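According to TrEMBL, the protein carries these features:
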{"type": "ACT_SITE", "residues": "His186", "note": "active site, proton acceptor"}
{"type": "BINDING", "residues": "Asp41, Asn104, Val128, Gly129, Asn130", "note": "NAD(+) binding site"}
{"type": "BINDING", "residues": "Arg91, Arg97, Asn130, Arg161", "note": "substrate binding site"}
{"type": "DOMAIN", "residues": "5-151", "note": "domain 'Lactate/malate dehydrogenase N-terminal'"}
{"type": "DOMAIN", "residues": "155-329", "note": "domain 'Lactate/malate dehydrogenase C-terminal'"}
Amino acid sequence: GEPIRVLVTGAAGQIAYSLLYSIAKGDVFGREQPLVLVLLDITPMMTVLEGVVMELQDCALPLLREVIPTDKEEVAFKDLDIAILVGSMPRREGMERKDLLKANVKIFKSQGAALDKYAKKTVKVVVVGNPANTNCLIASKSAPSIPKENFSCLTRLDHNRAKSQIALKLGVSANDVKNVIIWGNHSSTQYPDVNHAKVNVKGKEVGVYEAIKDDSWLKGDFILTVQQRGAAVIKARKLSSAMSAAKAICDHVRDIWFGTPVGEFVSMGVISDGNSYSVPEDLIYSFPVVIKDKTWKFVEGLPINDFSREKMDLTAKELTEEKETAVEFLSSA
């Protein structure tokens, strides 16, 4: 078949180092789909990137038709089928969230404009670089000719973390847990919700609350563990969670490409327009979605209790504030 063009930004970084091999060997787009990998990073990283290119060549992967390393947006964004935007300005010590937003608005405004100008109009854009939701919104606003629905941000890592915490608690496989939800921002205000999640225990599907029988853990430590897991990994490893982030990106993109399994939904940061959960419009907010024919839809009609409502509103408030700050910077960027 024809190769598809896949861009990874921040391609000399550590998430990309875990991600590129999985994409190139067929874990994401299937074992039949040839690829052209386009790798973008900043100019000072080009030597490192050359090393990554050598390694990809040395893997001798049958699907990989070409690898294009570049520091130029007009090369990177040309004719793309999918863009995985991993690169962003990381938070340095003593840096206010506001400074972080300002630096990232500049990056994602520029990349959004490049997508608008050079990429296919059908391109699927996945934003990983933090603050992911707001970066995604800025990129989308800067690419007016690409449908808003084509942009999503990664909350699959949080989703996977929630699944695995439930599985560990019950001594089952992570595969036995389905339909957990991450609502809201990919930040410590996110709300991991298991009110609608099911778990397979000894061949029988039961609700997570019923299976675990420990409401105070589910409403307390479980939520905190998922919300703060990224920080816990950094504290232990002195580096961020690159392996699990790369795996989550693969899951997210594969589901966009091939759809979600019947009866299952996943969490993705998507544009909130037209949602039925009273989340304000014009935010990139994580919702439960199902995907078919490369198109996502909200999972509708889930009952929301007061506990959930409060948590969903709190993370929406944070996203609204982030958006307001970012949009101010956008006009001056």
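Glycine is no exception: its Cβ is also placed from the backbone N, Cα and C atoms.
Comparing the Cα of Val128 (NAD(+) binding site) with the Cα of every entry in Arg91, Arg97, His186, these being the recorded positions, the smallest distance points to His186. For Asn104 (NAD(+) binding site), the Cβ neighbour count at a 10 Å cut-off comes to 24, with all displayed protein chains included.
Cβ neighbour count within 10 Å across all protein chains ranks His186 highest among the recorded positions Arg91, Arg97, Arg161, His186.
Note: the domain 'Lactate/malate dehydrogenase N-terminal' (5-151) comprises 66 helix, 27 strand, 54 coil (DSSP; helix = H, G, I, strand = E, B). Asn104 (NAD(+) binding site) sits 10 Å from Arg91 (substrate binding site), taking the Cα positions as reference.
Annotation: Asn130 are the binding-site residues among Asp41, Gly129, Asn130 whose CA atoms are within 10 angstroms of the CA of Arg91 (substrate binding site). Neighbours of Asn130 (NAD(+) binding site), defined as other CB atoms within 10 A of its CB across all chains, total 20.
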